[in-house]
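Student: Mind looking over this structure? Questions follow.
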């Protein structure tokens, strides 16, 4: 089976997995599956996790003393949602379509000492409550200070810290009154409506009532629509105190909107200033394209002159005086030290490349939009597993070229090295999250499902790919390798391996660091990432820059009569991962407000895993480009 056929097979498997990645109710192209509501239809408000950018540890909504329905029902979640820490459950908030309600009492709770402590901790850490209505997340409208526009923040704060007038003591106040606004788009012909917006303004108010409390008939003196008393501010806030009662209430209003259902996510996707985002990306791409063009032009002209000169050498004296990269033709394809490990890393890199390419194509087509919660992560995991076929095939083909005979051993290392390292890091971090009693901890059943994907699908596919690759005849180098290794002359300081490797990683990192800022912001500051078209373009630019910078430095290395290019080509572009990790540290100290030790360990643990993955990906791209380049130039000259 040829490599293109292998790729088509893997892509077909990936396509089938993606189409089955999530339940039919949640997996759709944007704008295809709306829900129509008639007037008076019940609207199911659901609650999601509590999140904080200060701790990065999500908790379930009912981990705090909030009002509960008679029976708590968990919504079915895909693999990606569970890994993200999403826990979607029903709530006691009951709406009827286009029927406003004012001052609705949800419940009255008496706060215990433990509950008061938990509430104060969550308010201190600036936790936000996330809710969902018709698959739309709840947002809080905020007036921008510099512009006369409205910005939207996901979820509302559990509470705020403040001081009573005339006092310096800081108190904690809970948001116990929610003023909801549901925006809808009405069809003029059918009178049916579709939900296009879900907003809230939270208030803290110490509710008062006369007489004894009765859930059914008690009327509040602080919020009573019969007396035209409504909550419009938090001048008399509800303090979190042990043994004190907290009364939870809400209003809901309905507002007709011109926004159509297919465009309802625009509000969420335009939370940040897009002009800066787009300008930065385009500027970065133009610089990288310009550099890439210059590098390509220099390489083409230099190589053309070299090959023409080498092919015109006719006399024995001229042949003996040859210098540069042709001189090392008898050693350039000599197998490197630790060639087995190189085969494993290249196979894993091909697996990563296939996963990113397939996932990004589906994201660009709209299958993995933010409306499909957890879809992106689920798709990446499934495609990664299926791409084990290409990993086994690539590593075994390279291994056979190095005259290796133990293909089963190389297959096992390909199947277990990177996934094993990733699983250990993930397991340790998950144990830390579990210790914090966070909903972000992956349950045992999900952990078992991940192991099952690994051992049940990925490992067998790696073996299948490896078997098919090893059955094929070995790739023959274009020139013969001498039995005795040639001595490498002393190199100039600027050709020092460490120096060239570190220099080589700057350009690939420069191709992605602007986009990296927005990706990190979406992950750690809980914002939506949606410009997959630009991301795909950046991915293409990354491939070009990794290939070109590695080829250029490899050419200079061979011209210096140093033929140890195998590992050096991998490390040259792979060193961009070092800059990625350093940038992650810079981002941590300049943009994030993380103060807890566990949260800091989580951040750097996951960023270490991301940097290692980036190393494997970029290193493989650089190696493959250099491998193609050396075969090309040495097959283009006449070797006597």
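Just so you know, glycine gets a Cβ as well, placed from its N, Cα and C.
Okay, so TrEMBL annotates it like this:
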type	residues	note
SIGNAL	1-26	signal peptide
TRANSMEM	276-299	transmembrane segment
TRANSMEM	342-368	transmembrane segment
TRANSMEM	374-393	transmembrane segment
TRANSMEM	414-435	transmembrane segment
TRANSMEM	447-470	transmembrane segment
TRANSMEM	491-524	transmembrane segment
TRANSMEM	530-558	transmembrane segment
TRANSMEM	570-589	transmembrane segment
TRANSMEM	601-629	transmembrane segment
Student: Counting Cβ pairs under 8 Å that are 6 or more apart in sequence, does the total for the transmembrane segment (374-393) and the transmembrane segment (491-524) reach three or more?
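Tutor: Between the transmembrane segment (491-524) and the transmembrane segment (374-393), which are separate recorded stretches, there is no contact, as judged by 3 or more close Cβ pairs.
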Student: Would you kindly check 414-435, 447-470, 491-524, 601-629 and say which stretch has the most C-beta pairs under 8 angstroms to the transmembrane segment (342-368)?
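Tutor: The stretch with the most contacts is 601-629.
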Student: Counting only residues 6 or more past its boundaries, what in the same chain has a CB within less than 8 Å of a CB in the transmembrane segment (601-629)?
Tutor: 56-57, 342, 345-346, 348-350, 352-353, 356, 418, 421-422, 425-426, 428-429, 432-433, 504-505, 508, 524, 542-543, 546-551, 554-555, 565-566, 569-578, 580-581, 584-585, 588, 592, 594
